Each structure stands twice: as C-alpha cells, then as structure tokens.
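Colleague: Take a look at what Swiss-Prot says about it:
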BINDING   Arg39, Arg45  NADP(+) binding site
BINDING   Arg130, Ser131, Ser132, Asn251, Ala252, Gly296, Lys311, Pro312, Ile313, Pro314, Thr315, Arg337  FMN binding site
Amino acid sequence: MRYLTAGESHGLSLTAIIEGIPAGLTLHPADIDHELQRRQGGYGRGTRMSIETDRVQISSGVRHGKTTGAPITLTVINKDHQKWLDVMAVGDIEETLKLKRRVKHPRPGHADLVGGIKYHFNDLRDALERSSARETTMRVAVGAVAKRILAELGIDMLHHILIFGGITITIPSKLSFRELQERALHSELSIVNPKQEEEIKTYIDKIKKEGDTIGGIIETIVQGVPAGLGSYVQWDKKLDAKLAQAVLSINAFKGVEFGVGFDMGFQKGSQVMDEITWTPTQGYGRQTNHLGGFEGGMTTGQPLVVKGVMKPIPTLYKPLMSVDIDSHEPYKATVERSDPTALPAAGVIMENVVATVLAKEILETFSSTTMSELQKAFSDYRAYVKQF
C-alpha cells in the first residue's frame, strides 16, 4: 500500500491516489466524509472551517460500494478557491495581479523562508500553499480507507488530548478503552474529563483575544493489534520507528513518545519493563504496558500507545518580527487565517496517520489481493499467536 497527495491550500482541489488496497473492501464516500468532518470540528477552529464543508469524490478503484483492487483516487474540492482565482491561477497572469497576495515577509515557525530558499521562490506563497496543514485533509481521507481495513480485522482506535496549552487533563481512573473512546468523541476538545471543558474553552477564548496560539500533547491508542507486527532484523523494519516518522510528518508535530515515553529516563529498568504472563484462554500478555505495546520494533499484543506533541500554530494574529526578502529590512510577518488551537483536529489527523501506517504494515505482512484472503490470513495468524 502506498499513496501520494497533491494540491494547495487555496488551489482548486486536493487529491490522493492510493495503491495496494485489496479488492472487496466495503467503502463508501460517507466513510471518508465522517473522518473529514471530525477533522473540521473541535473548539477553537477558525473561519476556514466555516467556509469549507469537505466532501470526498471517489473517481476510481471503487465500484458498487466495493474496492476493485485498482488505484483509488480521492478528491476534495476547495470551496475557498473561488476567492483566489487570480492568485492561484495555473496560467500566467498580469504582474499587478501576481503582486496582489505576494508573500515576502516569512512567518517564523512556518516553511515560508526555508521553502523559498530551497526552491528559489520570489513569492513565498508557493511554499506556504503546499506546506499548509490543509494538505492533511487528504492524509485523513487516506486514513479513513485504512481504518475500514482495520475495522474488518477487529482493530479499533481512539485519540484524546493529554495536555491542552499547558493544562494537564486529569484522566479518571479505570476507564475502559470504550469509555475513553466515547468520552473523547463527545467532547469538543477531545478530552475525557468533562469537568475541565469550560476551563479550557475559557483559556482558548483568552488566547484568541491575545492573538496567540497554544499547542499540547495528543495520545492515540490502538486496540486489537496482535503480537509480531514489525521486525527487529533491520532498522527500517521497526514498526514503532515507522509510526514515529509518520507522526512527525504531521504539520506542527515536534515529538513522539510510546507508552510512558520520556518518563523512562527517570526510572529504573525494573520499573519500566512489562512482565510477561500467560493464560490458556488469552495466551501471552503483560502485567503492564509501560512500553506502549512495542518491544524490539514489534508489537507485543498490548494496546499501542503513541503520543505526539504539537507546537502552537505559528501563524499569529499579533505577528512576530521577520525580514522582507527584497529589502532585508525588519518587518512583521505575514498574517494568514489561523486558529488559536487545532489540537482536536490534529488528534483526528494523528489517529488517521497511525491507521495508515498500521494498514500498510498489515498488507505487507499478509500479502492479499482480496479482503477475504486478508481476513483469513489475519485470523489464522491470531490463532497461531494465541497457541504459541
């Protein structure tokens, strides 16, 4: 399984092409639209989300509600493009129009300046448009297809926010996976403690008035993954490493942890390692899950626990100082539309990116041309792991 995305933030559309999806997977536009709507939700989103109502068009690889095994083409139209016809025109236009929305004051924290240097852009909009988080629309669309595969194999997942702009979410003890999932899904903030909703919303409103932004830490949990996915035989086969790369590829993500993560640096080995158990009904298990479901780059059969830290959005309504790329004089950075926070949306993106990596790993491990073949191979492997 592999995919490519294409498109700009204010271009005509965003596109993804996915190759390697087995034939026979039930897939409807509504499956993808559901995830796209989740990405557009959450408290603290800006005006762009009120302009766009993302809906996917499937133009290949699916017939009568089933995948055919051919490449799948997904497209989302940018409604906002109508206001940017001159600025984002494919053909050449008058010089005066080119200057209309030219970006020459790069924003600290964005790809503007370095992208302009790398690709020799005189107008930094060419870097801004492609590096925008709008591209994650298609990462979510691809992830929605991946989640359909995982669901057919009995794998489920959730995400929730652990730290919201410096406020630590108090997680009620002994919540089951399903309870965590339900609480996060029904929260505008993707948190599992409803008692903290108003405090955080008030803080977001305050940050918005200040023209500032906040980041935080997101946790994704995956349930139902058997032991043995990934490999220790080569560095690039380790599944946790693949997940780390994928999570860090999400806009504004700057760090990844598994299990208790960086807290391991403060603990002894006897406190960190997960003791092994065995029962006739469940097979091998662990007393704890400090390592987040990974040992030696492979899954252990425990829930996968992946955490990602998202920096505050770098586009500020009270912009920081920058430099004019023509005169090299100090100027305030360009201001584009922005949100005080996009943590709930980033959680949806992270969840779908993790789903894509897992689906790809499963398809590589259990090579199958049809879903029925994949389901049988996966079921047989589960049975083998249980009786080992």
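Quick reminder: no glycine exception, Cβ is built from N, Cα and C everywhere.
I'd like these features described in context: how deep, what's nearby, how far apart.
Modeller: Counted within 10 Å of its Cβ, the other Cβ atoms near Arg39 (NADP(+) binding site) come to 27, all protein chains included.
If you draw a 10 Å sphere around the CB of Ala252 (FMN binding site), it holds 20 other CB atoms from the protein chains shown.
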Colleague: Between Ser132 (FMN binding site) and Arg45 (NADP(+) binding site), what C-alpha distance do you get in Å?
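Modeller: Spelling it out, the Cα of Ser132 (FMN binding site) and the Cα of Arg45 (NADP(+) binding site) are 15 Å apart.
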Colleague: Taking the Cβ of Arg45 (NADP(+) binding site) as the reference point, list residues of the same chain whose Cβ is under 8 angstroms away and which are at least six residues distant in sequence.
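Modeller: Those within reach of Arg45 (NADP(+) binding site), by Cβ under 8 Å and sequence separation of 6 or more, are Asp339, Ala342, Ala345.
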Colleague: Provide the number of Cβ atoms within 10 Å of the Cβ of Lys311 (FMN binding site), excluding the reference atom itself.
Modeller: 15
Colleague: My understanding is the cutoff is Cβ-Cβ under 8 Å with a sequence separation of 6 or more in the same chain; which residues meet that for Arg130 (FMN binding site)?
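Modeller: Once residues fewer than 6 apart are set aside, Arg130 (FMN binding site) is near Glu8, Ser9.
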Colleague: Whole-number Å distance between the CA of Ile313 (FMN binding site) and the CA of Arg39 (NADP(+) binding site)?
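Modeller: Rounded to the nearest whole number, the Cα-Cα distance is 16 Å.
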